[in-house]
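Colleague: The structure that follows is given in the form of structure tokens.
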Amino acid sequence: MVKNVKIHLLYTVTALFWFSTYIYSPVLPTYIKSLGASYLMVGLILGCYGVGQLVFRVPIGIISDRLGKRKIFISLGFLSLVISSAGLYLYDQPMLILVFRSFSGVASAFWVIFTVLYSSYFDESEATKAVGILNAFCNGGILLGLVSGGFIVDGFGVRATFFVSLIIAAIGLLLSFGISEKKLERKPAQVKELLTVVREGNFQTVAAIGVICQFVSFATIYGFTPVVAKNLGASEFQIAMLTALSAVPGVIGSALSGSFFARKLGERRTIIYGLIISAASCCIIPFSHNLAMLSVSQLLGGFGTGTVFPLLMGLSIQNVPGDKRATAMGVFQAIYGLGMFMGPTVVGALTDGIGIKWGFITIGAVALAGIFVAMQYKQERVNSGEKAGTGLNLK
């Protein structure tokens with residue numbers, strides 16, 4: 001009974017965490033542009049979300065391991081969200097928005113602590129499968145945030161989404177104080193161990209593809225696709241629904257990725273086909289003359305990324321020794337933060353220089369370039385227990 005209460009509390013704070021993070025995401029690009037910011041500044045503000053993960057994710061994991069504590073770090077994650085949302089609500093200067101949006105990226109760097117704490121509630125043999133359940137609450141919180149944000153914007157305006165994000169983050173912060181944990185004796189990762197993990201098997205190839213996937217997603221779905229929609233006359237509500245639309249095929253692709261596609265096609269071909277679909281979606285966007293065509297691009301993009309990325313999560317720890325898996329996952333999650341930053345920043349700069357059409361064509365070219373990276377992937381034999389990790393789709 002006590003264990004169930006602990007688990008359900010963590011489910012609740014997980015959903016609140018991602019709800020607060022994503023509720024304003026669909027309308028943030030158009031809001032920043034309406035303040036007079038250049039496309040480059042829009043890209044920098046969107047991209048700074050990835051910098052926090054790139055810089056802080058591994059150090060947070062190491063410090064948490066060294067102290068043997070998790071709860072305080074989850075509370076710090078919510079505190080970062082509170083600061084981010086409060087700043088976005090109070091200030092409308094692009095430079096200050098850049099600063100406070102960065103706190104959201106720092107908050108997301110704490111996500112790895114949620115998964116480690118949750119895993120500690122289960123036996124080691126059940127942990128990998130159990131994290132998939134936690135991830136369902138993560139995705140549920142994101143989807144609910146995207147949809148709710150659309151209704152809030154429609155009724156009360158963009159800034160109201162920042163206020164609701166603040167309230168939800170504050171509630172999550174208070175609830176996080178009730179999380180229970182046990183003292184963990186886990187040896188912190190050393191720099192030498194991190195370098196060893198990076199050299200393991202296909203890790204570098206998988207990490208490079210992960211960067212490309214996040215480059216594409218954060219330049220399109222969570223980047224400049226809303227700007228295109230706005231130019232086509234979409235309301236803020238329609239923009240939010242358009243973003244939420246991409247999550248549906250993403251869930252389907254995620255569910256089928258490791259359990260069906262990888263078994264039928266093999267991991268390498270599944271990744272290649274997913275990247276082709278993502279590239280096609282990018283090239284459709286600049287030539288979309290109505291919201292229907294743009295919706296098709298969102299469906300394709302969500303399915304392509306949703307198919308590839310969860311598979312990469314599992315492959316990042318495939319055949320990595322058990323005592324190094326947490327380190328490998330943390331390093332992988334930190335590295336793909338580079339794609340989150342580069343995607344919107346590069347497209348913003350290109351849009352200012354040569355137009356948004358070429359920005360999206362460039363994204364498509366990057367996705368296609370990922371195919372050549374994927375060709376370097378060497379198929380490895382794994383047992384069924386290791387395959388369980390492919391269901392993860394952590395942010």
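In case you wondered, yes, glycine gets a Cβ from its N, Cα and C as well.
TrEMBL lists 6-382 with the feature domain 'Major facilitator superfamily (MFS) profile'. Marked as transmembrane segment by TrEMBL: 7-25, 37-60, 72-91, 97-118, 130-153, 159-180, 201-225, 237-258, 270-287, 299-317, 329-350, 356-377.
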Colleague: Does the structure show the transmembrane segment (97-118) and the transmembrane segment (270-287) touching, where I'm treating 3 or more Cβ pairs under 8 angstroms (sequence separation 6 or more) as a contact?
Modeller: no
Colleague: Considering only the recorded stretches 237-258, 270-287, 329-350, state which has the highest number of Cβ pairs under 8 Å to the transmembrane segment (299-317).
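Modeller: The stretch I would name here is 237-258.
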Colleague: Looking only at residues six or more beyond either end of the transmembrane segment (37-60), which have a C-beta under 8 A from one in the stretch?
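Modeller: Sequence-remote neighbours of the transmembrane segment (37-60) are 28-29, 73, 94, 97-98, 101-110, 112-113, 189, 194, 214, 218, 222-224, 227, 330-331, 333-349, 351-352, 356.
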Colleague: For the transmembrane segment (201-225), I need the partner stretch with the highest count of C-beta pairs below 8 angstroms, choosing only from 7-25, 270-287, 356-377.
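Modeller: Ranking 7-25, 270-287, 356-377 by Cβ pairs under 8 Å to the transmembrane segment (201-225) puts 356-377 first.
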Colleague: Using a Cβ cut-off under 8 Å, which residues of the same chain at least 6 positions beyond either end of the transmembrane segment (237-258) come close to it?
Modeller: 25-27, 30, 139, 142-143, 146-147, 149-151, 153-154, 221-222, 225-226, 229-230, 270, 274, 291, 294-295, 298-311, 314, 387, 390-391, 393
Colleague: Between the stretches 7-25, 159-180, 270-287, 329-350, 356-377, which wins on the count of C-beta pairs under 8 angstroms to the transmembrane segment (72-91)?
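Modeller: The stretch I would name here is 159-180.
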Colleague: Which whole number is the mean pLDDT over the domain 'Major facilitator superfamily (MFS) profile' (6-382)?
Modeller: 88
